[in-house]
Amino acid sequence: MKNLFNFFKTSSELRLAYRLLKQINQKRSFYGAMTDFDLANQTNIFKKRLANGEKLKDIRVDAFAVAREATKRILGKTPYDVQILGGLILDMGSVAEMKTGEGKTIASIPPVYLNALLGQGVIVSTVNEYLAERDAEDNGKVYNFLGLTVGINKTEMDANTKRMMYNADITYSVHSELGFDYLRDNMVFSAAEKVQRGLNFCLIDEVDSILIDEAKTPLIISGGKTNLPAQYLSANQFVNTLIAEDFYIDEETKGIKLNDKGIDKANAFFGLRNLYEIQNSEIVHRIQNALRANKVMKRDVEYIVQDGKIALVDQFTGRIMAGRSYSEGLQQALQAKEGLEIEPETKTLATITYQNFFRLFKKLSGMTGTAKTEEQEFIDVYNMRVNVIPTNKPMIRKDEKDEIFATSHEKNQAIISEVERVHKMGQPILIGTSQVVDSETLSEMLNQKGLYHTVLNAKQNQLEAEIIAKAGRKNAITIATNMAGRGTDIILEPGVTELGGLYILGTDKAEARRIDNQLRGRSGRQGDVGISRFFISLQDQLFRRFTNFDQIFGAYGQTNGAIKGKYIHAVLLAAQKKIEGFNFDMRKTVLSYDDVIRQQRDLIYAQRDILLQIENFDHYIQKMIIRAVDIILSYDFIILPNQEIHYKNLINFLNDNLSRITHFNFGQIGIENYPIEQLNEFLIKQLETIYFKQIQSVLKENLGKTYFESERYIILSTLDSQWQNHIDTIDKLRSSANLVQYSQKNPYQIFTEEATKKFNILVAESAYQAIVSLFNNSNAEKIEYIKAILSDGTAISYPADSPQEIIDQIIASNEERIAAARKAKEEKQPEFIEKQLAKLKIEKVESGEEFELWKIGDSKLVNLKKEMPLDEKQNILVKMQQEQLEMMSEEEKNLIQEQNLEIVEIEEIEEEIQNENPQKVEFVDFKNDPDAYNKLIFGADYADKQLISSEEEDNNEKTNINNNEDLERTKGEAQQTAKNPNE
């Protein structure tokens, strides 16, 4: 009855998964009896079923059963029922919470295999490249056995390699690179340059880390550097003059701002009348960054200094965030604080949050050891339910009560004492810290006690997996920041179970209970014994920021030893729940702001995709001309306040901006004859005529059929430039929205209204700027060409105004090419001739000192002088071979005709040859053109073209020999090219 009750407590998804699991298990013996070939061939069968109209759910049971059997055969591991349950939840587009050590990697194989059968690509996202490589290599063996391809997307790969990886059936990638590739794909100028092939299904490993912990951090591609080191140094110098009474810090939000005393000091320092006047916004911005860098952010907590550079530290994982930097000048403020070289500030070119990127996938699922506490956020933001998958074996780890102390010093002393006690027994212990500085403090204290240990923090990131894997050995003491080594199992060494398993010791509480549970979960995998305990102090950040610290510390601050009583534990739990809610609200705020940008980004990216696909921009350009005219006629120096037109200003403006290439004079078309109500339509027609009749016709003449690529480039680059300016403006607008007070309006409303206005300006301005660029397209200039005849008779063309040194280079490089072709021909000729003779059944059978004996066909022999050039020997031998043609069958003649050999009738061949070449041939001679038979063999343009290699000739037998008409046609094409060099 208890199990039945638990069954109905589960979600509808999990209940469905149990029913499907039963059906999958019933297929076990059927697929288990198949040969490897038959099992692997099920992939083809499934694909045919899908092609015939069936859906994934129709083949789900069979596909899961096949994947399970393949995993057993290839990896030697049979997926447990709970792993199949987890896989089914993943296929449903939900989150599977599976405890550490329950085999999430194996659980992912069936759903990934099933979804890859659609042929639209499946992406498996991981938190680091080590895990991506490991899982791709291990699981890839199963997928390869089943006939699917696997790719690994890495940061350092070039675009071609990335494209190949994404085109695989299944692609493994670190999550950040997926987002950056998406942004880069929407900055290309050709659809063929894109690397991703659509966002179909993504399975996210450690989904809470990516979609919750990193949700607030946007992905940013930067460029357009601005170098103003003096301003950062000045702001840093000012902040260092401040004392605590000059500014206010909000402990909860970590926000900071100057108070009245600080503002007075700023006015005096920078020589200002009022710091917050609009013209001082840049100074305010740099002061805010300097305040945050110096008074809020801590070295070895939020960042470290490594090799003279600022390296960001992920606050949830403790890992270095490689390749990432703070934006909007904060990175430069930190560099000024630390006395480092100040790098140029960059401009945001493209940005997206993880929240909005992963919501682009048609289907999204994830797996983690801890997600249930964040289920509401997964539902609200990603429409994903969290299903807790039961463990394969009962969990027997002991989670002890927290030990709470008054001060950090007392806490650290208690930690060292506990480590000494546990270490004496030989029990391995993993000490989890949230900050690099804490790990180094404890490490120093252990060194003083002579306790050998290993430290894993952001500074030893590359050794992460190796260090964590060894944490289960006897006597091992490991210090690790937060979730370092996540995804790597800690295997207990033989004998450790008897010692009590792995001891997890947490040194403070995280901002989310979920993170604490992840640390606990490193112990007690697959029914192993283990223990976990947290050591806390009232001076920890959690108490300082999210409790009534003064009251709590006043009541318990003088306590010696661990603080007892339920109240203090209740305060701790309440503080964690409070900060969880606070962080959730922050992520929702980030998402709400980014949703405004997302709608605009979707419109721009959709427009880019259209522009990448079309090959005729006429309709698009017509619409842009209409927008451009609207903008021109909105300028107040053209349309005066009284609605009168300043025709002279208008004509000058048009001539200055739209006539640089055509030199068209807008003053000669009677603009001044059109009143304001007719002027708009008149200008539109005039600009259309100028562009399509003049500019575009020259483009076609100069660039040929690819003229539209020039138009595409101009339109795209203009759109990108305006969009990038817009993003940069929006970023500053978002950061300043909360600082501006508007009556009866909230910051989000202000941001939305301003962002919408600025987007409308972007659309109009990009159209206008594109028209200006199109009308001034340098490719539309009239160019006169002249030609030069090369030594091989071909012609090359170049612009008449080309510099002489460029012309000389062009001619020289072409002559080098011709010389190289001739040399290659000479080197290949002997080999090629002998191969051709062999095809005609002519071969050398004996070679003496002076003569060579050649066999022609099956019955004729001829002796030729050895010193005779090979091409002359060829002429004679081929001619001799013709004597036998009359004796050939029709079938043999047809065969020769198929080889493009001309059958000729020759009378008294031996007598003719003997009379004309008595010195070189004992009894034969010839009288025809020496190249006549070469042309029979090699084609009518034999003397003009390079001999192809014998390997190529084998594959192109019918194209090696051309007739005289081919030569004439080739010469005609060369002449035509000289007239139209750009085609």
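Numbering starts at 1 and runs along the chain as displayed.
Here the Cβ of each residue, glycine as well, is placed from N, Cα and C on the backbone.
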Remark   = Among Gln83, Gln120, Swiss-Prot assigns to the ATP site of Gly101, Glu102, Gly103, Lys104, Thr105, Asp489 just Gln83
Remark   = Around the Cβ of Asp489 (ATP binding site), other Cβ atoms found within 10 Å total 16
Request  = Could you say whether, by DSSP, Gln83 (ATP binding site) belongs to a helix, a strand or a coil region?
outcome  = helix
Task = Looking at ATP and its recorded binding residues Gln83, Gly101, Glu102, Gly103, Lys104, Thr105, Asp489, figure out the farthest C-alpha pair and report it in angstrom, whole number.
result = 16
Ask   = By a simple count, how many Cβ atoms lie within 10 Å of the Cβ of Gly103 (ATP binding site), its own Cβ left out?
value = 20
Near-site residues: ATP, ref Gln83, Gly101, Glu102, Gly103, Lys104, Thr105, Asp489, CB cutoff 8 A to centroid = Met98, Thr100, Ile106, Ala107
Inquiry  = Tell me which of the binding-site residues Gln83, Thr105 sits in the most Cβ-dense spot, judged by other Cβ atoms within 10 Å.
reply    = Gln83
Assigned element (helix, strand, coil) containing Gly103 (ATP binding site), judged by DSSP = coil
Ask   = Taking each of the binding-site residues Gly101, Glu102, Lys104 in turn and counting other Cβ atoms within 10 Å of its Cβ, which one has the fewest?
value = Gly101
Note = By a three-class reduction of DSSP, Asp489 (ATP binding site) is assigned coil
